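Structure first, then comments.
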Amino acid sequence: MDEKIETRLIGATMQSNEPDLERSIRPKRLSDYIGQAAVREQMDIFIRAATNRREALDHVLIFGPPGLGKTTLAHIIAHEMQAGLKQTSGPVLEKAGDLAALLTNLEPHDVLFIDEIHRLNPAIEEVLYPALEDFQLDIIIGEGPSARSIKLDLPPFTLVGATTRAGLLTSPLRDRFGIVQRLEFYRIPDLIHIVKRAAHILNVVIDENGAGEIARRSRGTPRIANRLLRRVRDFAEVRANGMINESIAKEALDLLNVDIRGLDVMDRKLLETIIKKFQGGPVGIESLAAAISEERGTIEDVIEPYLIQEGFILRTPRGRIATELTYQHFKLPLPTQSTLQENFDLLGKVE
């Protein structure tokens, strides 16, 4: 992926310098896990019940957009179960032996966390099925005619799988999770709480309005909120007395080109192109990609999802259309109905 996409300030994927920072502010207990009230309440019940029965927790699948706390929740599950945690990711497990090495080193009730579980090799999945259902591992010893299969008993353990693409999981794998949790984008009050908690851990002085300004521009995502907090902290230390209030946060985020709705330069460029070059749309994806000099995949996978989710653009069979919200955001007059109809007719002829 393009380097500028990977280092996008409001990108939800983790950047190379962030793992240690995220670990330092990650909550360890379910009671400290902010937001996701339904998920938190359900997991509290499931964990208490399993603990009281002295059993391993059922296997857990956590899915949702990046940056919402899937890894954090996996760590909390292990901590609350007073169990060890082994962590890996789907792409890292290249052969059956890699998975076998992890499984045979688990202690009773341990948690095995597999991030990006939708990217597991199908051959690895086949090894995983009996381990999940029967806590047994089938291993092939030898090669050719002399090869034989032996079964190893595994201690009861909990698999926690995390994915941003639940639809890519195979049905047999998905069906083996007893607990499935979907993480939603966060509300502003929860993000304010998250920003204030991170500020306290990082020894940053911030008031309620300053936290609110950061939260509103964080696209409903804690990872982005914490990243913006660190950048605003830099600004406050250099340009002010180190304290973050509403005006300091606003000035810093404006300087960073993150507007009040969390849109950055790439978002605004795409929206303004639809409005100014294509009269609000509809515009085909290939034409749009050429107009803003971006790859089609970048638009579809990186830029568009948040804009569609927030209602800035509509994706129709005829192409992308800027909504009324987009015109309001840029303080531009709405196009007439006749202009929109002409655009539809023109695109239909081109296609």
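In case you wondered, yes, glycine gets a Cβ from its N, Cα and C as well.
Together with Ile25, Arg26, Gly67, Lys70, Thr71, Thr72, Glu133, Asp134, Phe135, Arg176, Tyr186, the ATP site in Swiss-Prot holds one more listed residue from Arg223, Arg227, Arg230, which is Arg223. In this structure, Phe135 (ATP binding site) belongs to neither helix nor strand by DSSP; it is coil. Apart from Arg296, Arg315, Arg320, the residues listed for DNA, the same chain places the Cβ atoms of Gly284, Ile285, Leu288, Ile299, Glu300, Glu304, Ile313, Gly319 within 8 Å of the centroid of those Cβ atoms. Using Cα positions, the member of the binding-site residues Arg296, Arg315, Arg320 nearest to Tyr186 (ATP binding site) is identified as Arg315. All protein chains shown were included, and the count of other CB atoms within 10 Å of the CB of Thr71 (ATP binding site) stands at 20. In this structure, the binding-site residues under consideration are Arg296, Arg315, Arg320, and the one with the smallest number of other Cβ atoms within 10 Å of its Cβ is Arg296.
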